[in-house]
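Data first, discussion second: the structure below is written as structure tokens.
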Amino acid sequence: MDSPSNSTTPRGGFLLQGFFEFPQLRPLLFLVLLAVHLATLSGNLLILVAVVSVPSRPPMLLFLCQLSAIELCYTLVVVPRSLADLSMPGHGSRGSPISFLGCAVQMQMFVALGGAECFLLAAMAYDRYVAICHPLRYASIVTPGLCARLALACCLGGLAVSVGLTVAVFHLPFCGSRLLVHFFCDITALLHLACTRSYVDELPLLGACLVLLLLPSVLILTSYGAIASALRHLHGGGGRRKAASTCASHLAVTFLHYGCATFMYVRPKSSYSPRLDRTVALVYTNVTPLLYPLIYSLRNREITSAIHRVLGLRGSGSV
């Protein structure tokens with residue numbers, strides 16, 4: 001690693017290497033990512049339109065609407081730029097330039113949206129807890145006003161953490177090279193380029209992980225602990241299966257989101273592997289947002305009914 005005395009602040013910006021070192025793979029990768037991106041946009045837009053078309057929207061549908069909106073913005077922050085870079089062969093193996101400010105804005109928006117999703121998944125777990133453990137009081141507790149306040153709190157929480165983390169990361173000194181071995185301005189790629197020798201400089205990321213991952217995880221585990229206890233005392237296998245099925249899609253999305261985030265960010269800088277991190281990021285920025293609408297459309301009867309109504313199809317489940 002370069003010494004701190006050789007560190008600089010890259011006012012001219014960075015170079016995103018992307019996948020420029022694989023010129024023969026890039027056309028195929030472009031086509032695959034374009035297809036996945038269009039499918040992701042279509043799936044999440046379909047859920048948004050389906051929820052809007054429902055005359056009376058249960059709180060869970062409002063949460064799903066916000067989740068789809070977050071996923072739409074999440075992919076739009078990263079994927080279009082990546083597709084543009086893949087379609088332009090002129091940069092050789094050096095990478096595509098991105099300004100210092102542009103890189104900071106991209107990282108801040110990426111963290112803000114990911115953080116808002118972490119908080120939203122915790123709010124959805126609370127919704128499931130009230131629905132299963134206090135069904136008679138559900139309508140009086142989970143009101144539209146509470147849903148709106150929770151939605152706003154999720155967005156503001158993600159925004160606050162992202163601004164603090166972005167300021168901390170971009171105040172670090174960066175060593176000679178401006179090349180980020182990544183296709184967007186991810187935290188791990190920037191920290192790998194920073195001239196840091198102590199764990200003190202990694203504390204902002206640790207703090208962000210505590211707020212965005214640990215705190216919501218505790219809330220989710222507490223909610224599902226109470227749900228599991230309630231299901232054990234529920235008489236009748238049919239009622240137990242129906243209650244459990246309402247949680248299945250939320251649990252699947254939660255494991256996907258928190259699993260990827262934990263693997264990527266809850267580890268010391270010494271364990272970073274830029275090329276491996278880039279490959280994993282390719283999955284969680286493209287594949288997992290595509291899986292979310294598939295999971296909910298297959299597991300949630302209200303969403304299935306709304307989608308069929310929008311598409312003009314018959315059948316499929318009661319709202």
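Every residue gets a Cβ built from N, Cα and C, even glycine.
Bear in mind that TrEMBL entries carry predicted annotations, made automatically and left uncurated.
Quick look at what TrEMBL lists:
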TRANSMEM  28-54  transmembrane segment
DOMAIN    43-296  domain 'G-protein coupled receptors family 1 profile'
TRANSMEM  60-79  transmembrane segment
TRANSMEM  100-126  transmembrane segment
TRANSMEM  146-172  transmembrane segment
TRANSMEM  205-231  transmembrane segment
TRANSMEM  243-266  transmembrane segment
TRANSMEM  278-298  transmembrane segment
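For the transmembrane segment (205-231), the most Cβ-contacting stretch among 100-126, 243-266, 278-298 is 100-126 (pairs under 8 Å).
Confidence for the domain 'G-protein coupled receptors family 1 profile' (43-296), expressed as mean pLDDT, is 86. Of the recorded ranges 28-54, 60-79, 146-172, 243-266, 278-298, the transmembrane segment (100-126) has the largest number of C-beta contacts under 8 angstroms with 146-172. Counting residues 6+ beyond its ends, the transmembrane segment (146-172) has Cβ neighbours under 8 Å at 59, 62-63, 66, 100, 104, 107-120, 123, 187, 190-191, 194-196, 201, 204-205, 207-208, 211-212 in the same chain.
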